[in-house]
């Protein structure tokens, strides 16, 4: 047995007996060494005896037992703070914000009904004015507040978070201003009575809180964990789960829904962080809900507790649930289609623009007025319970009693009065349910697109529950004694409402985790089988016909996002990459001159990277290079040498002060202590000769005019420090004609040299696709690896490039026509043809060169060629 292993299992008494003959200090030191060796032996992975001895010697010589314990304690603290504490804090903060908003929304909705009752006692017209004015005024304030504070707070927020989590930057969507606007705008809009939900905005709020926590902790310099970009995505995923947990207090379904709605591929190692944050959020939300409303019997009671018996359905009812799922899938796809057509109509229709004139407030106030008129309790709202909120409506739908029969299972009059036209009871429940379903089907599709924060999950839940309740009441009328006759189990319409809500919501959002949310929401597992059957059917139907509501919004807003492929499309396997790729690729060759590279940088300013090939004939792909490295190479070998020759060292005052501002901002980000320590270390370690050489090298000005080369200029020092200690007055002095002619001659010599690619960083293995790759394979690789573009090669020869834009164009009408290769525009100029054509006219260009903006501030515009839409991918995608 290993001696060290024996030491690790010895009892304290045996250790005392082994060391009784040693001096006291030596004995204590030996015991500490044994403890450290026993801790090290518990680490995974075995080591040899020699390695253990070397490790022990190193520890004993360089680290005391107190230092060892301190280091282990720091590791534990860092682990608790970086993982557990941040995740728990994310859940707690979001839950507190959610509880505050829920209380404010309940107060506003209660005030709406209370003032209506008081005005109704005076006059019906006064009550109508109060009912409509409450909705219109609060909706107007919500839209104005969002417009003033942050326009990014409008809408659901899940599509934007979905785009951000796939690697695209969206400005001002995850800021404090957006959080404040989202909270206030959603509170006013829902408190006013608009038929919208809070699930989407809560997901956005959770993502914002996660981002703010990441920014706060990024200031910690003791660990690179906080500054990791992957960590930010983990926090965003946890924030999305927290938002849904706050909506329904369903932590398990919240994590699953966040993964389905915002991620294509999920890292399982982040699973527990989302569960921890969602659990903390659900605990705070449920406890606060208990203490604030005092309606729940404890923190273990479900949000909408149902009391279905264990055998609440029969096998004979399973085809009915399947039919309910099929209808829900059809209606869900129709809802997505109507919502998209409404958004397109608002953006393109001339009559609409003539009436509302693109005013952000006009259509919003108009829709609020329409909602107020339709839901007026003494008007049309009398026929479909327009007085009730979504929370009250859902409780009525899930109730385990019937509305259509007069037996012992009949619902109490307090519920029936909502759906039978009041105390008179002259309205059929089927009329009320059909009218409720149709009106809210259209109103929700419109209201989630107006300029207020709005979610779609809860309204879809209510619409689906209404459809399920309608089918359940129909089944009660058809089978009053149950499907097995007298003595058999009865039909429960509330169960159909639960199944309909899950099937319709899952179809609209293309998620299956709604089944888990339903179980947590109702507190029962008995309806899980019919829920899964109906949801799978609804998902299959809606996925085949339409994208999810979130991807539909992404398409309408034209966000840079690669949508999912619909199932069972043969065209995604028949369309090949050669039908999608751009064949005229702008590339860099090994024997290219600085002049040609400069022309390419000027003619393609929006490209962020370029492929490198051997020559124009073979085009063997060698790698790719970022634009900033080419700019640095051009600056180092051409522009710096021009400035060193003191012929064109003239710059404008605006360029000077802009460079000073950028330099000061860059220096301000650096830690003063770190900068001073590093400078002292360098001064002490560098010899005098090397220091003088470095000083002379640093005196070289590296300046690139922003008007000549677009992109990163990588400025290092201020241009006020000109070479050879030239005074400031010389900077603003205009050069003579002799100096300019000499500068042009030197510039031609420098630009005609071949470039040296050995001095820059080159990606020697850019992602490549081969000819014959199907659209399905290309889409899978782009989604899995997060690619923005890929080069297409044939036996190593570069034949094209395909990017996100080409894939999106091919999938633009995939639900109608299937995947279709986009029409390639006839592009007149490419890198190869441009260089060949310019070679034919090189003498003419040199004799009469095009005027580029000189460094003295006087510029003459030069027309650049139009490349069209076929240049690889959009700027945001690269």
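Don't overthink the numbers, they just go from 1 along the chain as shown.
Backbone N, Cα and C atoms are what each Cβ position is placed from, and that goes for glycine too.
Range annotated as transmembrane segment by TrEMBL, chosen from 213-233, 297-317, 318-338, 381-401: 318-338. Of the listed segments 19-43, 44-68, 469-493, 494-518, TrEMBL assigns transmembrane segment to 494-518. Taken as a whole, the domain 'CBS' (581-645) shows an average pLDDT of 81 in this prediction.
In summary, the transmembrane segment (271-292) lies against the transmembrane segment (84-105): three or more C-beta pairs, each 6 or more positions apart in sequence, are under 8 Å. Segment contact is absent for the transmembrane segment (125-150) and the transmembrane segment (318-338), given fewer than three CB pairs below 8 angstroms at sequence separation of 6 or more. For the transmembrane segment (179-196), same-chain residues at least 6 beyond its ends with a Cβ under 8 Å from one of its own Cβ atoms are 97, 101, 104-105, 107-109, 112, 134-139, 141-143, 145-146, 149-150, 152-154, 157, 204-205, 208-209, 212, 368, 371-372, 375, 389-390, 440, 443-444, 447-448, 452-456, 458-459. Most Cβ pairs under 8 Å with the transmembrane segment (318-338) belong to 524-545, among the candidate stretches 84-105, 236-259, 359-380, 437-465, 524-545.
Most Cβ pairs under 8 A with the transmembrane segment (359-380) among the ranges 84-105, 437-465, 494-518 are made by 437-465. Ranking 236-259, 494-518, 524-545 by CB pairs under 8 A with the transmembrane segment (84-105) puts 236-259 at the top. Between the transmembrane segment (236-259) and the transmembrane segment (524-545), fewer than three CB pairs separated by 6 or more residues in sequence fall under 8 Å, so the two stretches do not touch.
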